[in-house]
Amino acid sequence: MANVSATDITKIFGGTSVLNSVSLDVRDGEFLTLVGPSGCGKSTLLRIIAGLERQNFGSIAIDGKAVDAVRPKMRNVAMVFQSYALYPYMTAEENIALPLVMRKLTAWQRLPLIGSWMPGARARRAEIAREVQDVANALGLGPLLSRKPSQMSGGQRQRVALGRAMVRHPDVFLMDEPLSNLDAKLRVQMREEITGLHRRLGATFIYVTHDQAEAMTMSDRVAVMKSGDILQLASPQQVYSDPENIEVAKFIGSPQINLIPSIVNEKAELEIFDMKVAGILPASIRPGMSVTIGLRPEALKLALDDSSDGLLAHVTYVESLGSDSYIHAKLVDRTTAVIARATPAEAATIGNGTRVRLRFSPKEALIFSDNGERLRSNNCLPILRKVGG
Amino acid sequence: MMAISTFSNQRALQKYNTRDTISAYALVGPSLVLLICLLIGPSLAVFAISVTNWQFGAQSFSFIGLQNFRELFDDRVFLSSLSNTFIYVAVVVPSVLGLGLFVALAIESRKEFQAFYRAVHFLPVMATLAAMAIAWEALLHPTIGLVTRLAVQLGLGSWNFLHDPRLVLATLCVIGVWQHLGYAMVLFLAGLKAIPSDLYQAAEIDGVDHPLDRLRYVTLPMLGPVIMFLLIVITLKALETFDTVAVLTQGGPENASELLLHTLYVESFQFFRTGYGAAMTVVFLLIVIAIIFLQAKVLDKRVHYS
């Protein structure tokens, strides 16, 4: 068991900075997910933690000890790759056994042909076989042990890769998009299996994905990354409902959050097209400033056109998912597209071109400044604070 | 109504099937004809001639059974040619594979001058060996050759690489290795490029981080198909070595550099003992087939094809 901490990690590839002084503390036994669009540096950070890549600046510590000069195999981490990276010429059993073979057998005992005649080799081999069997049983791989990866399905290969990681009881599991090569149904199933595994083993998991659904469903905490920075590190619920940054709000949540431009008027009210909202702005915000309002699809409530409040919108498309319906609409400027969640009963009353009002409770509105910072009603704009003294 | 339509469907289906069969034969046909004319026919002819006493240009010949073969195994030239060929293959093939892999790994490990080193090592493969053999002859000349003079300068004594019966086969082996090295290297380089880097990284985390361990647990198994292919091709090329012998030594001195293909050529086309030459060819063919079969049988099971 171990905590992992990365301090001011900077990585530069050929002149471009991939990680900009990133710091991250992963608690002992935590399931932490690094999530972000491709190219955000999440995999690089994971590989630096594994020791496969060396950072230009900064330090990695595992269990309180700096490991910057420690080779990957001595860091006591295991890694699961997106491609599984199984040895295709070895059976599942040999794949799972290799980490143990390399650790428990001496170079003499590993020699081909004569290795098994070296003193102690047979006992060690038997011990390894037992441990491999235990891991295989735990993962339901028992009957597949003699197969090669090419004779297995994607899900089975995934399990072998997990087995190879588990077999030597590492302190930290590093997973680099392990589910992205699986089909949708299997992905959901493996999601459960991996979280179950995390609970059983109690080890620290650092999980990289670009799939926000995986991040939301599996993790204790989520680190949302973009362009080499961690934008927010918080619980899944918090990054969803309380994002610190417009990029986080945009990345987390499907369908995407609705972003509506708005202006602050003289009376310190928000003017969103023909609608005015008062009382949700930070005290220090200046009139005339433009801000962006973020509203989750479920925050928008459908009302008919004749009701007095809400944003006027034209329905462009009704998307029915059975349990829910998503109403796609354009606001009065005819360019701002929004999506509202509705019950099938509500959706049944409207069609393309219907004029509706979209109502929302002001406290569900997330307000972002022009540079993407979140403006909370009880604190003030960082920039304004600087200007003010 | 139903029955009739099913029946006519069946008819249509049958017609399509017949048409498929015809087009299949039409497509296979040309290569089958070529195969028979160029490969199977001549091979059968060689088998037929090998049991006769035909001499090239002779008006008549007679069937003499296995006489030629009996004579072969009393023929000192043939026997030393046979053993020389085995030695030659046994030295050249492992050396080419080993050195080829070594050079490929060395080139692959450095980013600088990769193209240059690749080209330099590949040059002998593209050059005409008969011409190159003359260059070798100049290098190895007993009095004015560069290599010989260098040996003298270094105090290693005077060597007569091409005319000393104890040295000549070894010299041919070295030239053979030089000749095929580039080919093996290029294929190994391609094979190395095809190994996903994920695999090396997974191995590193699993504890495979000594270069020799990496070679054993990742590189060599992943190169299995390339090694298999090279083993067969280089064995064939080594078995049919002819140019160097013909240009440099003509099999001498004292038959010490006689290789099968050269012996066969001398018997058939210089002494015009066509029947005897054909018998030699049959033995040669059987050896080739046996070796390839053995390699395929033993190795194919251990090679992983992805």
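A Cβ is built for glycine as well, from the same backbone N, Cα and C atoms used for every other residue.
Taken from TrEMBL, the feature transmembrane segment applies to B:21-49, B:86-107, B:119-139, B:167-190, B:217-239, B:275-294. Under the heading domain 'ABC transmembrane type-1', TrEMBL lists B:82-295.
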Quick one: find which recorded stretch in B:86-107, B:119-139, B:167-190 has the most Cβ pairs under 8 Å with the transmembrane segment (B:217-239). B:86-107
Does the chain bring the transmembrane segment (B:167-190) near the transmembrane segment (B:275-294), so that three or more CB pairs sit under 8 Å (pairs 6 or more apart in sequence)? no
Any contact between the transmembrane segment (B:275-294) and the transmembrane segment (B:21-49)? By contact I mean 3+ C-beta pairs closer than 8 Å, pairs at least 6 apart along the chain. yes
Sort out the residues at least 6 away from either end of the transmembrane segment (B:119-139), same chain, that have Cβ-Cβ distances under 8 Å to it, and list them. 103, 107, 145-147, 162, 175, 178-183, 185-186, 243-244, 246-248
